[in-house]
């Protein structure tokens, strides 16, 4: 049991995608490319072209009313389920939930997910996104910090154009974890008549000072890296040390001591190398740093800064008043915070539930138990599969 | 009430010393200077000279058996109570506890506290310490990273020499918060026959992987600062940006959303400046950064790195087995963890209590309630004053 747990932790930290216990042939998926022109951001800048990747599982029915949109988390991609190739080491992050006969049943639903704008994983060959690392058509060079600040609302608007291009104008459900929950809620507030169901996992409805500050801690190491150069590092040395520190922060913030410590069963506090030289990291930090560096190589530092900012500026419906925003929701709503979440704290979701409940909305809250902390939304979701399945069926 | 709370938060963040509501004349204290020669660290390096500052409150009795030693926290100094000058803005951090007629009654006890080795506040004129910023007598230049790694045990050994120089060989009690609790416990394990009472506040008995990683997050921004230069920044530009980021991390890790958010009652998530330019920090971060920078100017970045390492390597008695270490304690023990502590988590102190209890030690645990998180050990300690007073009297 402990070995299995530890293996899971290792898989997680290397890849941040969930493992699948599926013994049958994997669901194979194909990454697709969506392009749209003249996209004006909430911050008022018009991008002449936006490209994002997307993928889908299951079949769109004739009425085009069996659509479940999955919106991804901060470090995530469109790859919510299945494998690109049969021999991929890992399946998409919610493969335990999405597939034929699973809670989000691809025999019934057409499940679709897209990469967000400014997706972190710029160097992942399966990711297509538009952000500061993209070429600015006006200059022929990467945008860098000339790329406009983008918001969760912009992420939703790009998804809206993608769905419009497929002739889809009704969502059976929108489901997202963490930053994905921000997008899912934004869908339900912005397009209340088109969203029938909302599943909001390890999420938030708005930001508070605590969370804005916590997110800024993810930006600081990148800006401190001498290679960052105010974002002008393209075709030069990348700010990998700063990005690695950022990913160490993210990893720990997304976890909880319970499983974090369990993943270091041989931890020894009497670390003689660290005692002998201040330049030598404690062994536990050496292990974590090597893992974070491997992940950092797939990401773009500026994209991470833009994701931090998009998250910091999130508030449902871009309304100064949360109750006013939640008033607009017509979707039947299922809130799934994680009890041990130290990043997006469950008390904020309980408050969101109270507000929606008092507004007479059809809203249910059900907490995810587990020792992962925030990541329980990915790794301890299986006990909620039945509830999600029934929620979608009714 | 809310205004008072917010004022307290502001005072805290600027200075990290507690406010005193004392209307009477302040207890005036004088900083003193202790020098010792040929000090060999746990890491095996002999320093030809060590200097630390100290101060005391109350009078040493003839038998020299009324001594209460206070060991300070990570960002702290010897200044536990009183004021250096009558018009000082703030009294020492535990002035609510220490003074004539207070829980740690200076009419009864001779209370003494010293700056640790590698004290963070190198540029505070009231601090005397020895560390990487000190002049290496062998070269006439600052040690920088040639300074040996020092441990909590070394901090205790310097205090031991200070007490020896005063002819003190018995402690009525040793009391410390946070990193101060590490030193206090180390005293009780290392010199069991000389420590009669131990008060261990918002502390730990050993480190786990989670805490070692959390502490490393405080070191990372300093090392990333281009001015850090592998620690060789003396007489050059200081790594203030990195140190400021470090202090932002420390401030947030030491707090809890409850009071953190209450200290920003006018927080607005719709921050138009932050929306218009990625280079502009959200307002809340601008405020926090200015405060952290002011604090950073008083500190030395290398000293902070050494404090991180000393904390990461802490385990009671430098024993690989915690139970073996705790077995040595003869002091009557009072454990005061904070229920909402997110940094040194109360569950670890509950475990320490169980171990000591099973070993048949005279140990009491009493949790501090409050909305500050870790800082409840400083700011919500008053409800424990009576308990501490009785603990010391019996």
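The backbone N, Cα and C atoms fix where each Cβ goes, glycine too.
As written in TrEMBL, here are the features:
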- B:178: active site, nucleophile (ACT_SITE)
- B:341: active site (ACT_SITE)
- B:374: active site (ACT_SITE)
- B:151-357: domain 'AB hydrolase-1' (DOMAIN)
- B:1-20: signal peptide (SIGNAL)
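Sequence features annotated in TrEMBL and their locations in the structure.
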residue: B:178; record: active site, nucleophile; CB count, 10 Å: 27
residue: B:341; record: active site; CB count, 10 Å: 27
residue: B:374; record: active site; CB count, 10 Å: 23
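Proximity to chain A (CB-CB distance below 8 Å) holds for none of the active-site residues B:178, B:341, B:374. In the predicted structure, the domain 'AB hydrolase-1' (B:151-357) carries a mean pLDDT of 97. Cα spacing between residue B:341 (active site) and residue B:374 (active site): 4 Å, rounded to the nearest whole number. Between the CA atoms of residue B:178 (active site, nucleophile) and residue B:374 (active site) there is a gap of 8 Å, rounded to the nearest whole number.
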